[in-house]
Amino acid sequence: MSIDESAQNLYNYSTYNDNRTFNSSTYGYADVYDLVTSKLANLSQESMLLGGLLLLFSIITIFGNLLVIMAVIRERYLHSATNYFVMSLALADCLVGLVVMPFSALYEILERNWIFGINWCDIWRSLDVLFSTASILNLCVISLDRYWAITDPFTYPTKMSRRRAYWLIGVVWVCSSLISFPAILWWRRVRTEIPLYQCPFTDNLEYLIFSSLISFYLPLVVMVFTYYKIYRAAVFQTRSLKSGSKQVASGGDSGLTLRIHRGGTERYQHTSSAAAVAAAAQCSAALHLNRSTTQLNNSFNSYNGGGGGGGPLSRQPSATSANRIAHSKSLHKNFSLSRKLSKFAKEKKAAKTLGIVMGVFIICWLPFFILNLLSGICVECVWNEDLITSIATWLGWINSGMNPFIYACWSKDFRR
């Protein structure tokens, strides 16, 4: 058996050779070599520029997302649930640039001629669905995370634990996998005929509707809803901070209105229970923790410097110091409330970053998923389908390269 025949038999084995769904035309490695050399020899300057530009997008996507991943892994101040979601997003986007984009760039350079066989075509398409869906679902989880953080900042740190963050990330990747790799069987069952040297995506309407709903439209609804709620909460908090008051939970049945004035005195208005009054007093004490601690240290120094003695003058500082020690412990216990109040402005900035990310996401992915449904409903309705589909597809992939730069430009933590 000659080398050409062996190569041709090997390719025949790697193709999905079902007489019902795949035509009998086959080609060997010699045919592929001739095709590639002829296309490269006749490559126009426009095709070279296009290929270089697409490969540049791929490199930028890989590099930018790798920086985000390395930053979250190395910097301890970035070890939070939100940044774990960002790292999962960066991983999905990095894999888009590493696995999906280069093969598509070569596909475009060779004038939409696929040279890797039908098996790798199906795997490549499924990986595209996997990583792109994981990227979109990670954006959805990040929007939910920001919604929980800005609408309930007091209980958010305890609710969003590291274990829960890992669980949500796992759900994202499992859901993405369920609509990608099993879909290969679906594609092959409904496939009719594949032209030579082509790698078309399935045009089965049922799968296109199902995958589009899971991958885009349902996450889009969730993201729009959560960002609307985040925006409303951010506006409310901004007005509260400007007016000098903030409504918080006091742990009882009634609420507590904190009024903070720039002159240094804090006043509190309360509506009903004694528990809220106690919480107000504790919050006021927490805001003056540093001053009280300094006074306590001065008392210790004065007492220690005054000598021993057993008279009444020596016993009085001892009782006062004990009371202040107990008071200081109470201050430390409630100091977290004032720290949480200082997070409102940070959560507002995070909401603004999320808004930019979501806006870019809609601009990049909406054209593709509109065309995705049109290709299954009315192919003739799309003018120059191959060109428009390629532009819409790459626009969606470019979103994977833009996400890390959005975080780098708008997130102070990542700029550090």
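Here the Cβ of each residue, glycine as well, is placed from N, Cα and C on the backbone.
No curator has checked TrEMBL annotations; they are predicted automatically.
Marked as domain 'G-protein coupled receptors family 1 profile' by TrEMBL: 64-407.
Same-chain neighbours of the transmembrane segment (48-72): 78-79, 83-84, 86-87, 90-91, 93-94, 96-98, 101-102, 104-106, 108-109, 394, 397-398, 400-401, 403-405, 407-408, 414, counting only residues six or more beyond its ends whose CB sits under 8 Å from a CB of the stretch. Per TrEMBL, transmembrane segment is recorded for 48-72 (among others).
Among the features that TrEMBL reports, transmembrane segment is placed at 84-103 (among others).
Taking Cβ pairs closer than 8 Å, the transmembrane segment (123-144) reaches residues 82, 85-86, 88-89, 92-93, 95-96, 99-100, 103, 116, 168-169, 172-173, 175-177, 179-181, 183-184, 187, 199, 201-202, 211, 214-216, 219, 222-223, 226-227, 230, 354, 357-358, 361, 365, 396-397, 399-400, 403 in its own chain, all 6 or more past its ends. Taken from TrEMBL, the feature transmembrane segment applies to 123-144 (among others).
The transmembrane segment feature in TrEMBL is assigned to 165-187 (among others).
Residues or ranges marked as transmembrane segment in TrEMBL: 207-228 (among others).
Among the features that TrEMBL reports, transmembrane segment is placed at 350-371 (among others). Distant neighbours of the transmembrane segment (350-371): 82, 136, 139, 142-143, 146, 149-150, 212, 215-217, 220, 223-224, 227, 230-231, 233-234, 382, 388-389, 392-393, 395-396, 398-399, 402-403, 406-407, 410-411; these residues of the same chain sit at least 6 beyond its ends, with a Cβ under 8 Å from one of its Cβ atoms.
Per TrEMBL, transmembrane segment is recorded for 391-410 (among others).
When each of 84-103, 165-187, 391-410 is scored by its Cβ pairs under 8 Å to the transmembrane segment (207-228), the top-ranked stretch turns out to be 165-187.
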